[in-house]
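So the structure is just underneath, and the comments pick up after that.
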Amino acid sequence: MSGTTDSQRADGDRDNGHRRGGTSSTGEQLAWDFASRGNGDAMSDADGAIDPGADLDAALRHTTTGSLAWVAALRGTDADAMLLETLDVSALSDEAAARLWAKVAAWVESDQIAYYVNDAPVSSDAAYDVRMRCLQALERAFPALQSPQSPTRRVGGVFSNDFVSVRHPSRMLSLDDVFSIEELRQWYDGVRRDLDWPEGKALPMTCEVKIDGLALNLLYRNGVLEQGLTRGDGVIGEDITMNVRTIASIPPNLGGTREDIPEFVEIRGEVFMRWDDFKALNARNEDAGHPPFANPRNAAAGSLRQKDPRITATRRLSFYAHGLGTLRWPAGDMRHERVDDQSEAYGSYESWGVPVSPHNRKVTRFDEILAMIDYYGRHRGDIEHALDGIVVKIDDLGLQRSLGATSRAPRWAIAYKYPPEEVNTELLDIRVQVGRTGRITPVAILKPIYVAGSTVSRTTLHNASEVERKQVLIGDTVVVRKAGDVIPELVGPVLAGRAGRESELRHFVMPTRCPSCGAPLAPAKEGDKDIRCPNMESCPAQLTERVINLAARKALDIEHLGEQSAVALTNPEENRPSSVETYAPDLREIHVKPGEEPAPYEPAPGLALPPEQRPVLTSEAGIFDLRVDDLRGVRVWREAPIVEISTVTDDQGRTKHHRRRLGGSGLWHQVPAFFNSTASKGLAPQPSRTTVAMLEEIDKARHADLWRVLVALSIRRLGPPTARLVAGRCGSLDAIAAASVDDLCAIDGIGEEIARSVVDWFREAKNPDDWRGAILRSWRAAGVGSQIVENTAKQTLAGRTVVVTGSLEGFSRDSAKEAIVQHGGKAAGSVSRHTDYVVVGANAGSKAAKAEELGIDTLDEAGFVRLLETGDPGESGTSTENADS
């Protein structure tokens, strides 16, 4: 990074050469970017450069209106907004226009979020109108600034996120995990050894609690929040800026004096949900009859990726900064020395108003790390958020750069993960569930128990063989844990708990008929551990699961068509009471006082169960024909909960009522699935907001990419990666339907089992009476899958075989293979004498060595890109030895 001065380098090389100050722009580790801008970025004297320490109002008065310095000095106040009223945007330079557009667009978006989402305006109407007119004028004068994401393209009050993919300015790495103190000690000793750190000399480190949330990259330009990106694959993330602006702890503008605000900074951190907010959200969900979230991380993830930021705004998300990205100060600004330490950067964050975890600690010895691990291991439930480990980092940024990173994680940091928490509970029952391809899975029904951040009431037992292997009996006391602190797992029985209870326990018997449709169950082929329901066409459970699958983000991405809506569409009589004795049509919930039992329920004389409903969807063929009137009469069964109501009087004599849900009552009633009841207002029922949004999303899904349509068809063994390959090579549904097993096996990455599964599905669909054919005909009539994917890529790799090893910055493993296939080549998985090129990325393995042994040309990423574009790698064809160095 060329902007670092010689004096800064000299200062960085202290401590006997262990504080190495050289910066790096490779993106392989921290990218603290002090690079000077090019000539186009420089603020000349004629441009009116200002003293950053000067009064801002004076700065605006004494600089040339519309200059880069004038743009930089603008603030988000109403007064400064009015200066835009008389600005002649046509006189701006291209760069000044771009910078002004970015700044004003961020302010307008913040104004819109504050007004429409938070209902708490922060600017006057006049200031907002001036900013919006300024944006419109800029986009007319400079067409390159026009963007579908511009606030000028948004109808007031209508917000949506399309989650556009955006490249991170510097790589956003993950962390390697260790699960024992021995592994942690090996890492610690290895770091000291790699640094050649003197024995007995303190090595400053930071210890941080590992927040169980979602990683976020905040991009601030001249102190204004420009973008918020998810981690993605570390190179490319998703733009969720509109949702990020609803998080109260993330400042829209960095605080402090102007001289302390960098020109550009990436602040990495974690979005999470505090325990109190998580419990309040689940209480609201339960009161509304919605299922509770399993844990705070799931709640935060679902909230952060909402397409409507107004929903995100209601979820009370929080943010702590914990990472460093690019940092750039204005050119020529020599007052700011390079940030030397991680902890120093955290101090800067706090001075800017960006929150940092209060649980961070600086340590210098291994026993201090152990003390931190021990303390939070004993107090995991006592802090404000869920945590699943302790992160240890080298504090000195120069040493971090010296240690570098692998393709996915820094070598200067490690995450110690706590062992899974194990608890005992009762195995109440073992039931079976039916998957979208008919697979029958035993599920353990547990007495609800709190473990590792959430309440667990069920967990999969995979298959009958697994039940037998674990030797569990219904009624056993069992051990439950979360694998990786995420997935509930039944470990096994507590054998000592069986003493004297043998008569109460019973063995699980796998059913011989489908619990949903009654069809005989059998393995798909001899020797399979799994048994399946063969009634793919009309089994209600399979249809429900297929509708859930087609609406998933990995398929057609239909917002608001989740599990509850899928059940309402395909099987509204699920949970129908078997007897009038448990039918309570007017009972929404049962209230009890602390210590009370609910009163016995007696159905009214003459009460009868309502007639059974016919499902709106009997096949996914009709999904694109749904209309709002089709949903008007759909009702679903809901269990009335038992709610404990307690009364508390505070110190001021005020009475408060507390509600606590105790569980289900076993009494059921029906509620509208898609319409709001407005009878109390004398109005006809109206479709709910989510119902309207669901139908709009279904309509948009008609234009989904071909690979998404393939995933939505629920073809066994065909997931998103392989669907992309098939769609990319074949280009249309007709071509896929006409393909043979050999045709599909010729696509690298498609094996015989996948190919045969696809061919069998489309062969059956050609039968005019087959349900699969009905789906294709109906979807085609709705315009789904009609777009032909033409391969316009130059066939630069025709007849050549390419192997990719290691990690590339601009390609995921799947996208690199897809690019090879798109350009006519074969993307092989192993190196042989028939291989033409081996592309060697970071952290390459044995394939690079095999290429050297066989004398096969190797390419770096730049050479790979040239090979795709021209068929000639140029000078990047090199030996494996050079690529590794």
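Backbone N, Cα and C atoms are what each Cβ position is placed from, and that goes for glycine too.
Checked against TrEMBL, the range among 246-265, 286-305, 326-345 recorded as region 'Disordered' is 286-305. Among the candidates GLU109, GLU199, GLU208, the residue that TrEMBL annotates alongside ASP125, ALA126, ALA127, TYR128, ASP129, SER174, LEU175, ARG231, GLU270, LYS393, LYS417 as binding NAD(+) is GLU208. Residue pairs drawn from ASP125, ALA126, ALA127, TYR128, ASP129, SER174, LEU175, GLU208, ARG231, GLU270, LYS393, LYS417, the listed NAD(+) binders, are separated by up to 53 Å at the Cα level. For LYS210 (active site, N6-AMP-lysine intermediate), the same-chain residues 6+ apart in sequence whose C-beta sits under 8 angstroms from its C-beta are LEU387, ASP388, GLY389, ILE390, VAL391, ALA415, LYS417. If you take the Cα of ASP129 (NAD(+) binding site) and the Cα of CYS517 (Zn(2+) binding site), they are about 60 angstrom apart, rounded to a whole number. The binding-site residues under consideration are ALA127, LEU175, CYS533, CYS539. Their Cβ neighbour counts within 10 Å are lowest for LEU175. The closest partner of ARG231 (NAD(+) binding site) among the binding-site residues, by CA position, is CYS539; the full candidate set was CYS514, CYS517, CYS539. Each of the binding-site residues ARG231, LYS393 was scored by the number of other CB atoms within 10 Å of its CB, and the largest score is that of LYS393.
The Cβ of CYS517 (Zn(2+) binding site) has CYS533, ASN535, SER538, CYS539, PRO540, ALA541 as same-chain neighbours under 8 Å, each 6 or more residues away in sequence.
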